[in-house]
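Colleague: Let me give you the structure first, and then I'll get to my questions.
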């Protein structure tokens, strides 16, 4: 009866390190005590163990014999204070003639230490890598020759012997083979299975007690703040939304004061942050600052515009007497979180620190309008060329004397932009004359935002934004900040309904000069006719000289007389005929005078434009603006030859 014997199976249990759940320990302070109990070592010959953590090194008792298995009763305590700490254990075998030999090692990372709870646990000890033995050159040569001879059998018998060698080990290599005395052929011998050696391991009890990190005590003035989508727009340089960031006012009273500013976030907040220290003008008087020029406004801090962003920021700076605006920011746009802002100084009595605005009454009335430049509506920024009147215009009305700041912003900085602010001269109408400028940007520049501050009386004003070059298309935003809670700001689209234009020339005799010259009445003359009405009418008369350098003074007078069929002469002129005139003869491209025509006023007028000096040859245009139908024609000069013939008769 045949029986089948099952092969014997040997099972080896190997303990491996179980990876603990990963903890995000970045930017955390770790303070705690680590207790390590060494209980037992298996499969590793040693005399003693070295246990290291950070800079501390401790040694177990030294065993008398280097047995593979040892029991220990050592307990070690370590201070853990760094996010890169780890526990290192080394097994050493003493050598009384040579250096001691390390027979095993173990490294436990910080994450495993943080989750250790004092339970006994087996950890594998890694064996020290054996040194590679040197092979003599002749052995390598003999081995190569043997391999060559074996690889190429020259006869069938050798091939057969080669096949036998592939199936069986040589007697020198394996004790499981034996040579038969009769045939000389090897035969198999049953041998017991070789026992697998267990991996070396160590049993440890590790307990980690996490201590609360020492609390930072902020001295001086501490202000609490909140970041959210409404007040955090990242780094504010070249950002048109900077005005919405939280601002603090720091006042240094009467001497240079060294201060320390600290920006702190809650523990564990992984958000880089920083702040700017910016000059604060007395103009703002407790209101938030409208930053117009970061180049000149930002105080340099250690050659940086702001302290280097980090999860917490410290800054030491000496400040002269004055006021400074401090703007904290989180690096991620619209980040939500809390923070503390701390000011400390040896001269704290010389400092004042609070959030802006100082009171609700000092909060800005903020009004924003959106606009668009097109090829047809962008006349450029040169006010000496009448194309500027094509630009968009916006009017704001102040109900009292007020502070105002106008900010022009664009979504990028690829266009050179700026604006002018002038007083509105024609109620409810777009400006036709560049006069009574009250403010402007310092220059046209490639920037995301630019603006100016103003202190203005009650009234209506016009903002004229433009690019430096005409015809460029693009979107823009205009924002008015004012302490007048009843102020209004809106696009200005209304214009005069009627515009009449005639062209003329000053040349030769017709270039008669100003009224101070006896030849004044030789200048071209024009007949303006206004229809009868029971309402007051405002008629704007504009004289434009065809010159871009405005090198000649120009002006005109408006006369009322009985007949306008012929040019007025010096002999017929009377002072009572003067209805109005330009205030002066000015060197400018255009000049405007307004006629206030009442129901009882004359309705027909003679207009005589001129240069200031006589004999100046130049062409010109005369334009009349009105909301009623008007007529404007040149009065023909008398034919002098006909007059002389009539006199001869």
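Every residue gets a Cβ built from N, Cα and C, even glycine.
Quantities reported herein were computed from a predicted structural model and do not represent experimental measurements.
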Colleague: Of the residue ranges 426-457, 458-489, which one carries the region 'Domain III 1' annotation in Swiss-Prot?
Modeller: 458-489
Colleague: Among the residue ranges 1-22, 23-44, I'd like the one that Swiss-Prot describes as region 'Disordered'.
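Modeller: Going through 1-22, 23-44 one by one, Swiss-Prot gives region 'Disordered' for 1-22.
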Colleague: Could you give me three numbers for the region 'Domain III 1' (458-489), the DSSP helix, strand and coil residue counts?
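Modeller: Counting residues per DSSP class in the region 'Domain III 1' (458-489), I get 0 helix, 20 strand, 12 coil.
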